[in-house]
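Pulled from TrEMBL, these are the features on record:
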ACT_SITE  Glu49  active site, proton acceptor
ACT_SITE  Asp60  active site, proton acceptor
Amino acid sequence: MTRIADTFRRLQETGEKAFMPFLTAGDPNLAITEEVIVELDKIGADIIEIGIPYSDPLADGPTIQAGSLRSLSSGTRMPDVFELVRRVRPKVRASLVLFTYANPVFQWGVHDFFQTAKEVGANGVIIPDLPLEESEEALAAGLATGVDLIPLVAPTSQERIAKIVAQGQGFIYCVAALGVTGVRENLDADLSSYVASVKKHTALPVAVGFGVGKPEHAAIIGQFADGVVVGSAIVKKTAAIADALQAGDAALVEATKQDLVQFAASLKAPLYPNKQEA
Ligand SMILES: O=P(O)(O)OC[C@@H](O)[C@@H](O)c1c[nH]c2ccccc12
């Protein structure tokens, strides 16, 4: 059983839903990313998405694009992210999922990428711009290493949903909105029926991301999905840490870190069983 499968099994037993924050490694620097991951784990984050910064994050809105830029300008490269995972792995219970675009994976070498991910203790990989038709090698590497290749389905996937999820490993990532990542004021009205249409095709857990910006959003998603992914709203908080760091204000760096962690805790809160009554 992979660590991700074990995470969802534990959550099933306690009746919880997974809280899955995303942050970009090295934004604003690797030391702070490591500290934040440890704190997120302490407040109950169940699966932590660790973004590998990339120069052309085509599926990302301005918030995460800015985070990638801050990370790249602080000198973060893929080997640094692998080393971050190796260091933080023994310090946290959460499953760790590497988030990367396809190009850096092909440059590194698909099988080597998954092998290295396994060695440092990563539990899954998400590659948003790797279409099913081009993912044969990555799927095989996922199976060979036990590092789950997690598929994304989008509202536009309709007739392809069955094919995409049939190859799924770990969990299915349901993208909740069209367009790029970024906090939305409201969730799509028919999100629950879209998730139900995905669940029809798979026994794997189904997580929902894109647009989640507040606990109310997490509470709604927690009623029909197995996990909630939050990226931009977290990365907005790392931007505040970056500003404090830039200002050389150590107290403000601590305060903005705590603000991120408290915000994350408020997003996990509605995902505990007694909070999920409809
Ligand atoms: O930022 P949002 O709207 O909360 O969405 C999660 C998203 O950030 C994270 O899962 C992610 C980061 N970059 C992506 C690119 C494509 C799909 C998903 C992602």
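FYI, residue positions are counted from 1 along the chain as it appears here.
Every residue, even glycine, has its Cβ placed from backbone N, Cα and C.
Distance between Cα atoms for Asp60 (active site, proton acceptor) and Glu49 (active site, proton acceptor): 14 Å, as a whole number. Taking all protein chains in view, 23 other C-beta atoms sit within 10 angstroms of the C-beta of Asp60 (active site, proton acceptor). With a 10 A radius on its CB, Glu49 (active site, proton acceptor) counts 24 other CB atoms from all the protein chains.
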